[in-house]
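Novice: Below is the structure I would like to discuss, written out as structure tokens.
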Amino acid sequence: MSPQTETKAGVGFKAGVKEYKLTYYTPEYETKDTDILAAFRVTPQPGVPPEERGAAVAAESSTGTWTTVWTDGLTSLDRYKGRCYHIEPVPGEEEQFIAYVAYPLDLFEEGSVTNMFTSIVGNVFGFKALRALRLEDLRIPVAYVKTFQGPPHGIQVERDKLNKYGRPLLGCTIKPKLGLSAKNYGRAVYECLRGGLDFTKDDENVNSQPFMRWRDRFLFCAEAIYKSQAETGEIKGHYLNATAGTCEDMMKRAVFARELGVPIVMHDYLTGGFTANTTLAHYCRDNGLLLHIHRAMHAVIDRQKNHGMHFRVLAKALRMSGGDHIHAGTVVGKLEGERDITLGFVDLLRDDYIEKDRSRGIYFTQDWVSLPGVLPVASRGIHVWHMPALTEIFGDDSVLQFGGGTLGHPWGNAPGAVANRVALEACVKARNEGRDLAVDGGDIIREACKWSP
């Protein structure tokens with residue numbers, strides 16, 4: 001037990017408030033391979049030194065509280081406390097700085113994203129000494145990564161299951177998102193899959209509403225899948241949303257999907273919660289189901305530039321909790337997304353080892369060892385004229401998902417699906433022949449129009 005935290009009979013306990021930096025600011029600390037490292041963007045209240053605020057973040061997200069307590073003497077704070085080990089200014093922002101905090105691995109339950117976030121992004125975000133706080137990135141040590149199952153199957157296993165290689169996968173969200181009967185919904189699924197798409201998708205809002213109960217939807221979608229497979233000779237899927245009001249109902253829906261023999265289910269992992277998501281991911285691996293993840297509610301957490309969490313942290317958490325696909329923005333569609341930053345967290349989803357690269361927003365080198373990769377899904381506000389850019393930006397290991405870009409075709413759902421498939425095949429063929437999609441993309445699509453509705 002260190003001298004700072006040891007309680008000795010001759011000294012006694014001294015109550016009172018003391019500065020956080022006396023205990024939790026340790027610039028001389030050398031980080032360990034087993035530490036979880038965090039980069040926080042801190043906006044302190046005026047007049048508070050950066051060292052004190054960085055130490056406060058470390059304290060309030062680990063062992064500290066607002067005052068000295070006598071039970072500090074019953075454990076070793078030096079072993080368990082978080083440490084602010086480095087502070088750097090944010091270029092162009094006089095009132096902000098980045099505080100780097102190291103957390104001992106023993107603070108966290110094995111295999112629990114829920115517990116990790118409860119500590120690191122818990123009460124500290126309401127700390128009144130801070131005007132704003134944003135978690136920019138985490139370094140997850142190999143020792144902790146190995147306690148997680150991660151994605152149920154991963155990229156290579158999914159391609160083997162689908163027998164589809166050498167191109168991005170194509171998807172479509174069925175619209176209108178709410179209001180269709182189960183039979184009409186299944187009809188739209190069939191038309192899109194028959195037209196050439198690999199997947200169709202429940203919108204994140206679709207659970208089990210009065211106009212379409214989940215069991216009816218599952219049955220009609222399964223019929224559409226099997227009919228389109230028989231007619232095209234390709235393996236097809238529909239993301240059946242298993243998200244429900246309770247974990248028990250969620251699992252009931254996943255079990256029914258498995259009994260129908262469909263290849264994939266879906267979960268809204270932020271609104272459903274990490275505990276539910278990890279439970280579903282384990283079931284999917286054990287039972288051969290792929291798991292599509294929607295990120296509904298993410299903008300509540302990651303939209304603000306100085307408070308909350310960056311999506312790269314949520315992406316890392318999803319890879320640990322488990323999912324084979326996750327929506328990751330588009331760069332070219334109707335949602336926000338800077339190209340380099342987006343590709344940074346896309347690589348964090350797919351690759352085994354990612355080097356630190358601040359130009360892409362990656363604060364730490366991340367080694368995922370044997371954890372399977374996740375396919376990024378580009379969706380929202382995209383159409384066939386975006387196909388060259390999407391193919392170039394996201395590469396083969398991705399899902400390109402067109403909702404209105406399929407169902408909005410003037411000739412109907414099936415021609416819209418055909419148009420997307422023809423555009424994708426044309427872009428992949430042109431790329432493989434050495435053509436520059438960024439330069440020739442428009443010409444490639446115009447040439448493909450000859451063979452497409």
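Yeah, the Cβs are placed from backbone N, Cα and C, and that goes for glycine too.
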Novice: What does Swiss-Prot list, out of ARG213, ARG295, ARG303, as binding the same substrate as ASN123, THR173, LYS177, HIS327, SER379?
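Specialist: Answer per Swiss-Prot: ARG295.
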Novice: Please give me the CB contact count at 10 A for ASN123 (substrate binding site), counting all chains in the structure.
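Specialist: For ASN123 (substrate binding site), the count of other Cβ atoms within 10 Å is 11.
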Novice: If I take the alpha carbons of HIS327 (substrate binding site) and LYS201 (N6-carboxylysine), what is the distance between them in whole Å?
Specialist: 12
Novice: Take the C-alpha atoms of ASN123 (substrate binding site) and ASP203 (Mg(2+) binding site) and report the distance between them in angstrom, rounded.
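Specialist: Between the Cα atoms of ASN123 (substrate binding site) and ASP203 (Mg(2+) binding site), the distance comes to 32 Å.
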Novice: Would you kindly give the Cα-Cα distance separating LYS201 (N6-carboxylysine) and THR173 (substrate binding site), rounded to the nearest Å?
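Specialist: On Cα coordinates alone, these residues lie 5 Å apart.
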Novice: Taking the Cβ of ARG295 (substrate binding site) as the centre, count every other Cβ atom within 10 Å, in any protein chain shown.
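Specialist: For ARG295 (substrate binding site), the 10 Å Cβ neighbour count is 23.
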Novice: Given a 10 Å Cβ-Cβ cut-off, pick out the one of the recorded positions HIS294, HIS327 that has the most other Cβ atoms nearby.
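Specialist: Highest number of other Cβ atoms within 10 Å: HIS294.
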